[in-house]
Amino acid sequence: MIIVTGGFGMIGSNIVKALNEIGRKDILVVDNLKNGEKFVNLVDLDIADYCDKEDFIASIIAGDDFGEIDAVFHEGACSATTEWDGKYLMHNNYEYSKELLHFCLDHQIPFFYASSAATYGGRSDNFIEERKFEQPLNAYGYSKFLFDEYVRQVLPEADSPVCGFKYFNVYGPREQHKGSMASVAFHLNNQMLKGENPKLFEGSETFLRDFVYVEDVAKVNIWAWQNSISGIYNLGTGKAESFQAVAQAVIDFHGKGEIEKIPFPDHLKSRYQTFTQADLTKLRAAGYTGTFKTVAEGTKEYMAWLNR
């Protein structure tokens, strides 16, 4: 059996899809389905079982027997960078992750988890997987950073793979449930469908992000499992591109429209990453040779999926 937490979420459901594609359907999905609309992310995929996230961690703590587990992909978390309830974040993103990590270590189960480029904060260079380059700007980023630090403490003694991925700006299919946290491509497409022009913040021509297609993210996770990879790695394309490039790809797909600029919101000032670019040196050194879709390639594929 394979366990995927956050399996109804964007990255989790794409990992389920990637597992199905290699013939694995013996998957236990763990999630919080309070937002029932997320069910659509797995409706075309095959899993063996579902468990509520709180029931699951209670079973872990109680020492219940789950049978033979080949891997745990821990994608479940509060992913809202605008969330400032620190107690909630630390419970969901830190304490929960620690319990699951120790369960995997105790049973020698390969453990793969979602970290985030938010751990780097507002820096404009050196996105390298080392403590000296990490200074998160928000509570979400801090919760992810703290778990990375915890993993660094236990890694030297681990007898089974423990692997974290600092996801950069992930976009693509199965994110419609995320609301304001969905990718800019998703929101721009919705604006176009309403007959509006795609809207970007003023100054966005200078905002560069490492936009990585979600199917590429899932591929790296599967590769890490199949190759027993341990460590903490950046997961982006290694090339920053502009929000303008995303908007242009959406316009090109629809064959109409032009970019409109809107004021930059006050609540994001000083808490906004204006540049991100994954340094892939460590991932490549670990042996990953796969390519990553460009914004033009990934957005075109995503638009076709959204507007199918």
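Every residue, even glycine, has its Cβ placed from backbone N, Cα and C.
Record features (Swiss-Prot):
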- TYR140: active site, proton acceptor (ACT_SITE)
- LYS178: active site, proton acceptor (ACT_SITE)
- 10-11, 31-32, LYS38, LYS53, 75-79, ASN92, LYS144, VAL170, LYS178: NADP(+) binding site (BINDING)
- ASN169, SER180, HIS187, PHE201, GLU202, GLY203, SER204, ARG209, TYR272: substrate binding site (BINDING)
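A map of Swiss-Prot features onto the structure.
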residue: MET10; record: NADP(+) binding site; Cβ within 10 Å: 27
residue: LYS38; record: NADP(+) binding site; Cβ within 10 Å: 22
residue: ALA77; record: NADP(+) binding site; Cβ within 10 Å: 25
residue: SER79; record: NADP(+) binding site; Cβ within 10 Å: 22
residue: TYR140; record: active site, proton acceptor; Cβ within 10 Å: 24
residue: LYS144; record: NADP(+) binding site; Cβ within 10 Å: 29
residue: HIS187; record: substrate binding site; Cβ within 10 Å: 16
residue: GLU202; record: substrate binding site; Cβ within 10 Å: 9
residue: SER204; record: substrate binding site; Cβ within 10 Å: 20
residue: TYR272; record: substrate binding site; Cβ within 10 Å: 15
Hey, of the recorded positions listed (ASP31, ASN169, LYS178), which one tops the CB count within 10 A? ASP31
Other CB atoms within 10 A, centred on GLU75 (NADP(+) binding site): 29
Please identify, among the recorded positions ASN169, LYS178, HIS187, SER204, the one with the smallest Cα-Cα distance to SER79 (NADP(+) binding site). LYS178
Which one is it: of the binding-site residues MET10, ASP31, LYS38, whose Cα lies the shortest distance from the Cα of HIS187 (substrate binding site)? MET10
Cα-Cα distance linking LYS178 (active site, proton acceptor) and LYS38 (NADP(+) binding site), given in Å to the nearest integer: 9
Among ASN169, SER180, HIS187, PHE201, GLU202, GLY203, SER204, ARG209, TYR272, which the record lists as binding substrate, the farthest-apart pair of C-alpha atoms sits at a distance in angstrom of 20
Hey, of MET10, GLU75, TYR140, TYR272, which of those recorded positions are within 10 Å of LYS178 (active site, proton acceptor), Cα to Cα? MET10
Residue among recorded positions MET10, GLU75, TYR140, LYS144 with Cα closest to the Cα of SER204 (substrate binding site): TYR140
Using Cα positions only, nearest of the recorded positions to GLU202 (substrate binding site) (MET10, ASP31, GLU75, ALA77, TYR140): TYR140
For ASP31 (NADP(+) binding site) and ASN169 (substrate binding site), the CA-to-CA distance in whole Å is 22
